[in-house]
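Student: So TrEMBL lists these for the protein:
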- A:18-439: domain 'DUF112' (DOMAIN)
- A:12-31: transmembrane segment (TRANSMEM)
- A:43-66: transmembrane segment (TRANSMEM)
- A:106-133: transmembrane segment (TRANSMEM)
- A:145-161: transmembrane segment (TRANSMEM)
- A:167-186: transmembrane segment (TRANSMEM)
- A:198-218: transmembrane segment (TRANSMEM)
- A:252-279: transmembrane segment (TRANSMEM)
- A:318-338: transmembrane segment (TRANSMEM)
- A:358-378: transmembrane segment (TRANSMEM)
- A:390-408: transmembrane segment (TRANSMEM)
- A:463-487: transmembrane segment (TRANSMEM)
Amino acid sequence: MMDALLNALPHAFAPSSLLAVLIGTIAGLLVGALPGLTVTTGLAVLIPLTFGMDPLFALGMMAGMYNGGSYGGAIPAILLRVPGTPASVATLMDGYEMTKQGKAAYALQVAVVSGVIGSVLSALALIGLAPLLVKLSLMFGPAEYFWVAILGLATVASLLGDDLLKGLMAAFIGLLIGTMGTDLATGTERYTFGRLEFAEGMDIVVLLTALFAIPPVIQMIETAGHKGMSKELLNLRKQGSVLKDWRRFLPIWMRSSVIGIIIGILPGAGGSMSCYLAYNDAKQRSKDPDSFGKGNPDGVAASECGNGADNAASLIPALSLGIPGSGVAAVILGGLLVHGLRPGPQLFTEHPDVVYGFMLQMLISAVLLYFVGGLAATRIFGQVLRLPHVVLAPLILMFVAIGVYAVNNSTFDLYLLLGIGLIAYVMERLDYPSPPIILGVILGPIAEGQLSLALTISGGHPLALIASPMSMIVVTLTVLILAMPIWGMWKKRSRAAV
Amino acid sequence: MAVNSSPTRKQGEIGFAAVLLAVAGAAFLGAGDYPGASGTYPRVFAICLGICAMLVILRAVMQSAPGDDAPFFTHLGRFLLGFGVLGFYILAIDTIGYVIPSLILGIALPLALRFRDLRMAVLASFATMAFILVVFVVILKRPLPADVLDPLLGMLR
Amino acid sequence: MKLPKLLLGAAMAALLAQPALAEYPEKPIELIVAFAPGGGTDVAARSVAMFMEKYLGNGASIAVINKPGAGGELGWTALSQAAPDGYTIGMINPPSFVALTVEGKAKYKLQDFQMIGNIVLDPGILVVGKDSQYQTLDALMAASKAAPGAIVVGTSGAAGSSEHIGILNLNRSAGSSFTPAFFGSTAPVRQALLGGHIPAATMNLSEALPLIRSGDIRLLGVMSLERSTYLPDAPTFKEQGYDLVVTASRGLAAPAGTPPEMVEKLQAALKAAMADPEYVKTAEAAEIPLAYLDGTDYRALLARMESELAETWKVTPWR
């Protein structure tokens, strides 16, 4: 492997390859930052254009787009409370609060540095540990996935907010919305109201945008502020350097990266789960868990680091087995195919230059992201906040409208946006938290589908669900995640009693 | 209805929980048509949601919380304006396309909220529109909603 | 304000620039893809569109419009209802495209479409893990007959997918008792098979080639009439005495009523694109099973699929 890596070095660091990675990273930032556009869309447009190009040039653009796009979603989430992807919801919770406190520049810095660290560690794992991690990923079958989904749902405990009852209701609403659409196992269409648009369930991007972007826009109109954020609040230097605070973030980065890498190698678990798990982990280990959701930079660091760590790791099963660990990895596989590179065990022996070159490009793009996303983009995007709120509100609506339309190219989704936006506004006024809804919508269907699969495979024996050691490990983790807040509360109470 | 006769927060709390209770009931009944586990699974959540909604109603009725009597809407007039504008905007996109309604929204809404810097509103709207058109239409070739300006937009592609 | 004036000027220019009697196509052709950007169907559509543009001439451009939803039904319904003016065409994915009409669920019929041609024919296959005790199709069939329902076959589709219908047909015609497990997409079913979580699985041939060659999974049978050129050693179901043909197709269609001269032009462009050396080379490198069929042959294929599915639906409805 070392030989192959060394051979690939000059190819990956050739000027044309570096240029490709740079272009890809900038393009990725852009599609990630615009609601409704995703890395998948960007790649789908890019791939046919790469016909006849040098494979490493094409792959460099893909690598850049993957890393750039995954961070790009954090920018509108932090600045405008418009999550571009389900993954940026966990970032938004503390990031937008920081913006409201005038720490937008610092929040973006935390996000980009954490994202870069996650992506770099993930790329290193891809280069060094791929064979080992592939074996780990194969240990997960339907029963294990069911427990992973339950583990993800258990993190709802850290998203519930101050009012437990309303947090739970939000989760149940999400789980109910998650049942919409065709049930894979029986072909039954549930709660589709006869609309084909609902046959595959509620579109997650439409839901996200309506839940998170509409209420603050309406609030901007209600308060009708004629001033934007002052220049002082947006100054980067005065808010301290994230790199100088590395001691504070280091433990979070390490744990979030491990979480992101493990979730990344599991196909079907999805990138957003790593953000929620990392966020939950950081909150539970924090000395001051109550400050999460109120502008704690640790929350942004955990979520973005987990998000970045998911990227390269999801390519591990993709490259070595042809099993993509995420939707984006699946599209990248398509891109490899166009260049005659068939993923699978033989890829590493047949095209070592290209494979290791591509892995190095993932690493390069992660580092480039720091310069492109951190310094340049933060300054440019930060200027948006200086617009007066009454001017900014319609501009956000313009982006939201075109973004929501672009998801399915359907105006039906726009009316859906209006309806859900109205409900979201009422929920926001009554302090119902929105993140548990998203968690329920994403993980509910995974839990149901995998449970049904596991029972089909075992012939209906429920005990098969906990038969494997891996199942038992995940179950134990779930119990721990649920027990820790209760343990914390009990300790607090007994201390108060003394 | 007078523009500022907003319901109180308490009324809003009970009203919304009642809506959720009704939704839970409808979801439970609707699930009756789905066979086997396909029906049981959503029913479980419908029951949980219903119970929680009842608890919220009970809590709101039995206990009084600070801020109960505060109006539900901070500014009912502007709230109605906000959602009215959003509704009209979406309707307009569906009928005459994206470009013109967006520009009108970007310029007229700040003016309606007594923002006097027309130059900034116009500049910001046109710049945003130009950016959106460049990214969505020119570079990515994404379709826009059917637009009266389609012959014009076709030249960008 | 200079910009509005500029826009106005451009509008005038656009209106004047349209010649009264131009050759088809005089504006961009929309190609509806019923799946999300980035999927296999989408990439296939975008690649073939690029080469068709070249052969349509006249500076033609084909814009891919993704209308995902309802397993393709949304996009196909939109295609059937589009104006038949030659400027809307779409990619269709039989047999699920046909299965929806057989169920009576879809708002469209086969007659609502004018076929342009077929691009890909990808046969279904039955595979087991490399450590599986089943060396041959016969062994697996025997085991399935001996223990009713005990052998689970993972499918990459949902209930009602072509693979599911294939398993039902096999159970009916050969007396086996496979229990289908629906994974919804290819990645998880492949992973479950490699990890030994399921004993056997069905998928499409092109999706499994590298893993078959590397020996990580064992191919028991190809569900096509003839052996695949990519795997000439792999036996078909028919050779082994089981009458089972399941083939996934990707092709192009236009709404019925599209003027014949335009359809002919599109058909000629597709045919030329699929003979383009660069396109063929790329497809071969990616091992995409290209199989060009002209509009007439493609319609015949779909009609055959429809009558076969209708028979299955009568005996064992899949929903």
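Backbone N, Cα and C atoms are what each Cβ position is placed from, and that goes for glycine too.
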Student: Quick test of the contact rule: Cβ under 8 Å, at least six residues beyond the ends. What residues does that give for the transmembrane segment (A:145-161)?
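Tutor: Same-chain contacts beyond the flanks: 93, 167-168, 170-171, 263, 266, 268-269, 273, 276-277, 279-280, 283-284, 289, 292-293, 431, 433, 435-436, 439-440, 442-444, 446-447, 450-451, 454, 465, 471, 474-475, 477-478, 481-482, 485.
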Student: When you check the transmembrane segment (A:252-279) against the transmembrane segment (A:167-186), do you get at least 3 Cβ pairs under 8 Å, counting only pairs 6 or more apart in sequence?
Tutor: no
Student: Excluding the flanking five residues on each side, which residues at least 6 beyond the ends of the transmembrane segment (A:198-218) place their CB within less than 8 Å of a CB in that stretch?
Tutor: 35-36, 38, 77, 80-83, 85-86, 89, 92, 177-178, 180-182, 189, 191-192, 393, 396-397, 400, 403-404, 407-408, 413, 416-417, 419-422, 424-425, 428, 434, 437-438, 441-442, 445
Student: Which range out of A:106-133, A:167-186, A:318-338, A:390-408 gives the transmembrane segment (A:43-66) the most CB pairs under 8 Å?
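Tutor: The stretch with the most contacts is A:318-338.
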